[in-house]
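**Student:** The structure's right below; bear with me while I get my questions together.
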Amino acid sequence: MTSVPDIYRILPEFILTLTGVAVMLIDSSLPPSWSRRYLGFLAAIGTTIALWASILQLEFPQGTGFFQTVETSAFTVFFHVLICGLVLVALLLAIDTLPPHTHHQGEFYALIVFGAVGMCLLTSAVELLLVFIALEISSISTYILAAYRKQTGRSPEAAIKYFLLGSFATAFLLYGIALVFGATGTTQIYEIAHLAPTAQNHTLVIAALALMLVGILFKVSAVPFHVWTPDVYEGAPSPVVALMSTAPKIAAFALLLRVVYEMFPDLRSLWAPLLWIVAVLSMTVGNLAALRQQNVKRMLAYSAIAHAGYLLAAFAGIGEVGIAAAAFYAAAYAAMNVGIFAIITLVAGYDEQLSLIDDFRGLVYRSPLLGCLLIFFLISLIGIPFTGGFFGKFYAFTAAVGGGAIALAIIGLLNSGLAAGYYLRLALVAAQRPLADQPVPRKPEVGVAVGAALLLAVIATLVLGIIPGATLDAAQSAAHTLQAPPAATTSPTSAASPQAAPLQSPQ
Amino acid sequence: MMHAIDPIILTLILLLPLAGAILVALLPDRAKLPNWLALLTSLVTFVLTLHLPAHFAYGQTGFQFERNIPWIASPAIFYHVGVDGLSLWLVVLTGLLAPVGVVASWKAIQARRKVFYSLFLVQQTAMFGVFVSLDLMLYYGFWELSLVPMAILIAMYGRKEGPRAALKFFLFTFIPSAPLLVAILWLYVRTHTFNFTDLQYQTASGVLPAGALFWVALAFLFAFAVKVPVFPLHGWLADTYNEAPVALAMVVAGKLGLYSMLRFHVGLFPAQAHAIAPLLIALGVIGILYGACLALVQRDFWRLLAYAALSLFGLIVLAIYGLSFTGWSGAVFQILSDGVVDGSLFLLLGALEVRYGTSLISSYGGLAAKLPRTASYFVIAALALIGLPMLSGFIGEFIILSSTFAFVSHGWAVAAALGVILGAAYMLWLVQRLFYGPESNLASSMRSPDLGFGELSILTPLVVLMLVMGLAPNLWLNSIQTGIHPPQHPTNVISIQKPQASTKISVILSEPANGGRVEGSAVAFSRDVAPSLPAVPSLARVGTHEKQLASASGAHQ
């Protein structure tokens, strides 16, 4: 067996860290009057390299590094690519939409990149303490970013709400980790998976699972842990919302997959019904609340809650089917959600004067490109075929039906009918003729960076909707590696021997 | 007789409007360029659809021009398209109505023509896709896709309350497709296939639990019934007709849902369709009468047309759930006839609305003297709709009524016939109020030109078609019958249920398909099998008895 140097196991995270540090150092050494815009491009380039490095990791045999704390496998690569892609889009979006005189603009980019480090690490950590650290890295960056529009009252309010509730939820997670350590004597996920079924104090394990679920479900904003979402999304700057409604959520979903499918597969009879209930609640509450919103960002916040519910429906699927469906849904959700937030950012402007639904009236006439793209992403969110949103729902509900949760699939699909109501309302308002007495707002400008970001999102949504095969294969091999982790309790040197064959390329 | 283009013809028909849509979207909106491009695309597509009947092997049952390529490996979704006698002419009809739609929008659509015509062409692709898809997932894809351009166009170009009508239309038709998707997924999880023919055998074989199959079939039916719409699910229809641009109103209702009922409900779940047929027959007849009565009291001609459509669709639903081969032939023929007739009526009323700016019937009157050409075309189309002999509507109505009389019950046939008479009343009254009587203020105050060259060049073929369909229906009926007859895969059926049921059907099957006198053969059926409804003329099940049928028919003759 060829041993892989440990550093390769965290190559993307390493590159991202270097990028972030470089951005901060250059930012502080530039004269205050110089534009910081190009630091954004630097960050974007670093993220692209990290993305490439993630794909490169497929070349190594699956295994762990740093004393079995981080793993590289098709699973981690899948989520790394997704997260790096999202961060890239968010950076490109920020480059064109941040006002030129924003304070600490360099830090803004650096914080996004540091957040990405945490999110990537969250998906690849197989040691619960590292999981906790990664979660904190990613959360702290997002707390600060949420407060960035500090001229208005709403932004710091959102940040403080997010920070207090988020810390509280993380405490739950930490408590769960402590209990699981108490029950099994270890915090290494493979070992827990091995020891948990035979743990003497079974109640402790169940309590640990419950507490960890609370912590993670808060991060994915599932009902009943969703209350923070609309306020935070409404208050935070739009480019930040584009990031935080996708990347950290997806990282948290990866963690959830790891916890339930890898760490506690034997407790399926406990967590599956729980997630069933949370899925139904999330979809229904999210959609019903979204129907009543007047502010587009709040509406999309509730829609994000509902989508978390659809994704949780995939967890009703058994084994690899469920994991693959969840991973695919995460990709589809990421593509369309980051796209729609990019458009909201452009239309509403950084100062968000135009964030009511009625402000979008006549968008197709005002700016045909943005109007049509808005409708396109809304169609994907509704789940119309030939878009990513459709196949996401399709796989999620196929997994649910396959796992015997037909009621869940029916509730989910009826919910997507309900959701069509508010998505379509926005689409139709945008397609309507502008009122005669409506003040003509400024025409949103689509710069090069934003154009590239939008193009990425559109292509991803279309590819996932028309030729989902490649992504699905990647999701399936990700699911496969998660279901068959390297032999856990053996020594690190022989750990990877049965799985020493190079990972399949996602293609 | 194979032709080089045969394997890709359906793909071409699907892709050409899409390519046209992209072209329209990319080129500038200048000097009617989008109009001409859309017209050109739709005409070329129509010519391509004509290839199908020209090279169709008429004696053959089963699917032709088939193409079956893997699209997604898991779940196994195939790009599987093909036409049989059932869908053949529906594809051609869709092709024919596209240029009609473009001409109807020529003057009506002035702003944002690019958006209008590109979405119109996307809609075209979606409709073709519904008719030719033989993979359930592909079918579902096109089915859903057909909603989107429609909803956006209604919202953008609606007359007054566009967005409200669009939302109503979309939700009414989108929500029932949720159970439809679950039903499709359930079938897939159980059978591991989306292939229509495979599924047909699976549902007929009795492998699937009957209780669950009942719900699955109901989910299919519900989605289709809303789309048709069947009474009492017609809530969206009048608003949509009232608001939608003419080109879309003429395709929004009816044929997609009716075809789907025939292919994917009756065709896929014959036993379940048999169980629920009495309900559908009752709803169909209620729809006929209810629609006709409401049409009588409408003040707006779009709303009148909406309720007239409800009434006509009720008749077709009655024919489909009468579950007789004759009735099915009549149903498909009637869909074709309605398409042509409704298309002409929409075009003419649209022309009136563009000229006079209102759809209120009472504003009109005495137009025949000023617009003689409009009046005479309108009268012909109205008569075809009513079912005057020698025009297309007569054949369909006659076959449907006589098969109802023979196979369903005399009472329902009488009630349906009453509805048809009411249909004559509202249509003729509409003609009288629009074109005859004293000249209204509006008509005398405005000078409007009669039908122009563009409108005439599209209306004349339609009117000729009504006449040809009325005089030589067998040009269509023969191929429709091959589509309705059982597919020839007897070996694939695993078990046979109620074999004795199909001996009676053999009488129908054994009738020479080219008989030339469909009316006559319908009467002959009534003599042979009138006493009882043939259990279920299931496509798959009858297929098992191919050989027995052949011998039975020999004996019969």
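Positions of Cβ are set from backbone N, Cα and C atoms, glycine also.
TrEMBL: automatically predicted annotations, no manual curation.
Remember, it's a predicted structure, so these values are computed and weren't measured experimentally.
Sharing the features that TrEMBL gives for it:
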- A:6-26: transmembrane segment (TRANSMEM)
- A:38-55: transmembrane segment (TRANSMEM)
- A:75-95: transmembrane segment (TRANSMEM)
- A:125-418: domain 'NADH:quinone oxidoreductase/Mrp antiporter transmembrane' (DOMAIN)
- A:130-148: transmembrane segment (TRANSMEM)
- A:160-184: transmembrane segment (TRANSMEM)
- A:204-228: transmembrane segment (TRANSMEM)
- A:240-261: transmembrane segment (TRANSMEM)
- A:273-292: transmembrane segment (TRANSMEM)
- A:299-318: transmembrane segment (TRANSMEM)
- A:324-348: transmembrane segment (TRANSMEM)
- A:369-388: transmembrane segment (TRANSMEM)
- A:394-424: transmembrane segment (TRANSMEM)
- A:483-507: region 'Disordered' (REGION)
**Student:** Return the stretch with the most CB pairs under 8 A relative to the transmembrane segment (A:324-348), choosing among A:38-55, A:160-184, A:273-292, A:299-318, A:369-388.
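**Tutor:** Looking only at A:38-55, A:160-184, A:273-292, A:299-318, A:369-388, the most contacts with the transmembrane segment (A:324-348) come from A:369-388.
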**Student:** Same chain only, please: residues at least 6 beyond the ends of the transmembrane segment (A:273-292) with a C-beta under 8 Å from a C-beta of the stretch. Say none if there are none.
**Tutor:** 213, 217, 222-224, 226, 230, 260, 299-300, 302-310, 312-313, 315-316, 405, 408, 411-412, 415, 418-419, 421-422
**Student:** Hey, which bits of the same chain come close to the transmembrane segment (A:369-388), Cβ under 8 Å, at least six residues off its ends?
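**Tutor:** Sequence-distant neighbours of the transmembrane segment (A:369-388): 303, 307, 331-332, 335-337, 339-340, 343, 346-347, 360, 363, 416, 419-420, 423-424, 426-427, 430-431, 444, 446, 454, 457-458, 460-466, 468.
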**Student:** Same-chain Cβ contacts of the transmembrane segment (A:394-424) under 8 Å, 6 or more residues past its ends?
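**Tutor:** For the transmembrane segment (A:394-424), the sequence-distant neighbours (Cβ-Cβ under 8 Å, at least 6 residues beyond its ends) are 272, 276, 279-280, 283-284, 287-288, 290-291, 293, 299, 303, 306, 309-311, 313-314, 316-318, 321-322, 324-326, 328-329, 378-379, 381-383, 472.
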**Student:** Within the same chain, where does the transmembrane segment (A:75-95) have neighbours whose Cβ lies under 8 angstroms from its own Cβ atoms, ignoring anything closer than 6 residues to its ends? I mean 6 or more beyond.
**Tutor:** 12, 16, 37, 40-41, 43-44, 47-48, 50-51, 54-55, 57-58, 108-109, 112-113, 115-116, 119-120, 123-124, 239-240, 242-243, 246-247, 250-251, 254, 257, 327, 330-331, 334, 338, 341-342, 345, 447, 449-450, 452-453, 456-457, 460, 474-475, 478-479, 481-482, 503, 506
**Student:** Of the listed stretches A:6-26, A:38-55, A:130-148, A:299-318, which one has the most C-beta pairs under 8 A with the transmembrane segment (A:240-261)?
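**Tutor:** Checked against A:6-26, A:38-55, A:130-148, A:299-318; highest Cβ contact count belongs to A:130-148.
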**Student:** At a Cβ cut-off of 8 Å, and with pairs 6 or more apart in sequence only, do we get at least 3 pairs between the transmembrane segment (A:38-55) and the transmembrane segment (A:6-26), yes or no?
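**Tutor:** Counting Cβ pairs under 8 Å (6 or more apart in sequence), the transmembrane segment (A:38-55) reaches the transmembrane segment (A:6-26), since there are 3 or more.
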**Student:** Going along the chain, which residues at least six beyond the ends of the transmembrane segment (A:299-318) come within the CB cut-off of under 8 Å?
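**Tutor:** Tertiary neighbours of the transmembrane segment (A:299-318) are 220-223, 226, 229-230, 232-234, 245, 249, 253, 256, 260, 271-272, 275-276, 278-287, 289-290, 293, 325-326, 329-330, 333, 337, 340-341, 344, 357, 381, 392-393, 395-400, 402-405, 408-409, 412, 415-416, 419, 422-423, 426.
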